[in-house]
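S.K.: Sharing a structure, written as structure tokens. Questions coming.
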Amino acid sequence: MFHVDNLIGTLLAIFGNVLVSISLSVQKYSHVTLAGTKDPRAFYRTKTWWCGFVLTCLGEGANFVSYAFAPLALVAPLNAVSVLTSSILGLIFLREKSKPKDFAKRYGLSFLGCIITIGGTYLFVAFGPNSHEKLKAENIVKHIVGWPVLLYLLLEIITFCLLLYFYKQRRANYLVIILLLVSLLGSVTVITVKAVSGMLVLTIEGAMQLDYPIFSVMFVCMVASVVFQAKFLSQACKLHDSCLIASVNYILSTVFAVVAGAVFYLEFKNEDILHICMFLLGSAFCFLGVFLITKNRKRTKTFEPYVTMDMANGVPTIHDKGLVDFNGSFSYGALVNNDGVAPATIPVNMEQPPVSSRSTDASHDLPDLKKD
């Protein structure tokens, strides 16, 4: 029988991820609209952007509270709902007109990924761990001092230091190394978030937990891990493709979060082999679905316009991506416009005084110099 608290936590996590996806779409719409109308206002002065910001706060708040009710193994894989919702919103609000055959060819993988993700979500929610524990301060301390948790934290610290050494000293800017650093920090984040959220919920219910030192320790570790996690993610986005980052980061973060929940909170202690295997199968389906969804997204192109000089008219012209036509023109610089806009002529004043007039003026000045 599915525990009532687990059901509440699962529904809160789904609701939170859906809200976050909607908020990101609303904020993106705000930025695009502002850029299209050439509005001089800043983005934070528009109502649409603030609406998206409020939805983001509500969604993240629901995700935060969900950790207090449901196990980590149920909440962490539900981040796939955010990717799924973003993909559906992208298809609904798609503005370009295409034939059914072209549409199926372009978005067939995304549609297949959505179906696989929905099936995987059902499997790991239905067969996920059904354990529930009141996260009192005493219980959290007991979990920390246990030898499995201490061994897990020791291995995690050693692995993190080795990866950080290769990343900083050896300049190993590989995507897997950076996202492994993010995932190791993410496992600490989910452990501390669940502890802080659980103690806050118990405090609201009437059992004060905030005066225990473990609450302050968990809160500080939560904030620090989130800050450094965001820092490494920002560096990964600068070096690698965002779609690949989204899929690989989801897979690694989910794996480490599930392992952290199994080791720290003993979430699979009373589960049988069948439920564990079905849970792993559902998680694997979600991994595959998210990979297919993000794989089919349109890659972002770098803005690199190039300029050509028309030798006949003497007017420089900005061109989009494409081959440079060398018939009567030459190119210079490294400017290419990838937005598909037709070439635009730059109005410049190319008029120059004729050379003959300069030589004539000079010849008139020579007799004057001789007279002096």
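Each residue, glycine too, has its Cβ placed from N, Cα and C.
So TrEMBL says this about it:
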- 361-372: compositional bias 'Basic and acidic residues' (COMPBIAS)
- 350-372: region 'Disordered' (REGION)
- 6-27: transmembrane segment (TRANSMEM)
- 76-94: transmembrane segment (TRANSMEM)
- 106-125: transmembrane segment (TRANSMEM)
- 145-167: transmembrane segment (TRANSMEM)
- 174-193: transmembrane segment (TRANSMEM)
- 213-232: transmembrane segment (TRANSMEM)
- 244-267: transmembrane segment (TRANSMEM)
- 273-293: transmembrane segment (TRANSMEM)
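Tell me what's around each of these sites.
M.R.: Sequence-remote contacts of a segment are chain residues at least 6 beyond its ends whose Cβ falls under 8 Å from one of its Cβ atoms, and for the transmembrane segment (76-94) they are 10, 13-14, 17-18, 20-22, 24-25, 107, 110, 113-114, 117-118, 120-121, 124-125, 190, 246, 250, 253-254, 257-258, 261, 282-283, 286, 289-290, 293-294.
Long-range contacts of the transmembrane segment (174-193) within the same chain, counting only residues at least 6 positions beyond its ends with a Cβ under 8 Å from a Cβ of the stretch, are 64, 67, 72, 75-76, 156, 159-160, 163-164, 166-167, 218-219, 221-222, 225-226, 228-229, 232-233, 235-236, 239-240, 244-245, 248-249, 252-253, 255-257, 259-261, 264.
A Cβ distance under 8 Å defines the sequence-distant neighbours of the transmembrane segment (213-232), meaning residues of its chain 6+ beyond its ends; these are 137, 140-141, 144, 178, 181-182, 185-186, 188-189, 192-193, 195-196, 199.
Residues of the same chain lying 6 or more positions beyond the ends of the transmembrane segment (273-293) and with a Cβ under 8 Å from any Cβ of it are 73, 77, 80, 83-84, 87, 109-110, 112-129, 246-247, 250-251, 254, 258.
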